[in-house]
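Structure record follows, encoded as structure tokens.
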Amino acid sequence: MNWGFLQGILSGVNKYSTALGRIWLSVVFIFRVLVYVVAAEEVWDDEQKDFICNTKQPGCPNVCYDEFFPVSHVRLWALQLILVTCPSLLVVMHVAYREERERKHRLKHGPDAPALYSNLSKKRGGLWWTYLLSLIFKAAVDSGFLYIFHCIYKDYDMPRVVACSVQPCPHTVDCYISRPTEKKVFTYFMVVTAAICILLNLSEVAYLVGKRCMEVFRPRRQKTSRRHQLPDTCPPYVISKGHPQDESTVLTKAGMATVDAGVYP
């Protein structure tokens with residue numbers, strides 16, 4: 001499998017991600033991809049060859065192995081990693097589509113034409129929805145594979161000995177799994193890292209939705225508050241007595257000097 005191509009995808013989408021998205025990429029690449037390539041494949045390399053049953057009946061070890069390991073851990077993890085990282089490629093493709101559209105727009109209207117996008121990689125409009133749906137899809141894929149692992153391998157356990165009575169075995173035979181403790185440790189490790197990735201994806205979804213809601217409702221709240229604030233267009237005036245000879249009146253603005261409204265000789 002070409003893991004260099006997968007690394008290129010993860011590196012390309014890193015510049016379009018939030019802080020939580022960068023943490024997710026680090027967890028996927030370091031704790032899942034590298035561990036899978038360096039260690040997991042070596043641990044499960046001898047899974048069928050060293051699956052030994054205490055019988056010489058031809059075909060019995062093969063059917064017993066298929067009974068307890070219908071799908072290999074390694075192949076399930078490989079499929080899971082591919083499906084989890086593919087949505088990140090959609091984000092990169094969406095940004096590339098924006099760049100191509102911007103290039104054609106400038107070729108048609110000239111280099112001084114107003115830009116279609118203020119920031120090509122800014123998560124607005126369709127790119128925001130693409131990024132959000134990619135997060136939901138990644139969380140759903142990891143959750144689905146955890147459920148599949150739980151159904152196939154009960155409680156993610158790896159027993160040392162399994163009892164098999166499948167045809168063509170003549171009777172119930174005991175079969176022994178190679179390196180069960182080591183395989184159990186790696187299984188738990190991959191399950192925990194997948195759960196962490198699910199938590200990071202859901203946290204990023206909450207962050208994006210919350211930030212978007214604040215951007216939408218904050219201007220409305222400020223506009224509503226300005227409507228309720230009445231301007232001081234009619235300052236209060238106080239009427240007081242004016243000149244004692246003609247009994248004129250004086251208009252006095254609160255806090256200011258008096259203004260004589262009468263007529264003086």
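Placed from the backbone N, Cα and C atoms, the Cβ positions cover glycine too.
Since this is a predicted model, take the numbers as computed values, not measurements.
What Swiss-Prot annotates here:
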- 2-13: intramembrane segment (INTRAMEM)
- 14-20: topological domain 'Cytoplasmic' (TOPO_DOM)
- 21-40: transmembrane segment (TRANSMEM)
- 41-73: topological domain 'Extracellular' (TOPO_DOM)
- CYS53-CYS175: disulfide bond (DISULFID)
- CYS60-CYS169: disulfide bond (DISULFID)
- CYS64-CYS164: disulfide bond (DISULFID)
- 74-94: transmembrane segment (TRANSMEM)
- 95-130: topological domain 'Cytoplasmic' (TOPO_DOM)
- 131-151: transmembrane segment (TRANSMEM)
- 152-184: topological domain 'Extracellular' (TOPO_DOM)
- 185-205: transmembrane segment (TRANSMEM)
- 206-265: topological domain 'Cytoplasmic' (TOPO_DOM)
Protein Cβ atoms within 10 Å of CYS60 (disulfide bond), excluding its own: 21
Tertiary contacts of the topological domain 'Extracellular' (152-184) (same chain, 6+ residues out, Cβ under 8 Å): 43-44, 46-47, 49-55, 57-61, 63-65, 67-68, 70-71, 73, 191
Distance, CYS164 (disulfide bond) to CYS175 (disulfide bond) (CA atoms, angstrom): 7
Predicted model, mean pLDDT over the topological domain 'Extracellular' (41-73): 84
Cα-to-Cα gap, CYS60 (disulfide bond) vs CYS53 (disulfide bond), nearest whole Å: 8
Between CYS64 (disulfide bond) and CYS53 (disulfide bond): CA-CA distance (Å): 8
Positions whose Cβ lies under 8 angstroms from the topological domain 'Extracellular' (41-73), at least six residues beyond its ends: 152-153, 162, 164, 166-170, 173-179, 182-183, 186-187
Per-state residue totals over the topological domain 'Extracellular' (152-184) - DSSP helix, strand, coil: 9 helix, 8 strand, 16 coil
Euclidean distance between Cα atoms of CYS169 (disulfide bond) and CYS64 (disulfide bond), Å: 9
Residues in the topological domain 'Extracellular' (41-73) grouped by DSSP into helix, strand and remaining coil: 13 helix, 2 strand, 18 coil
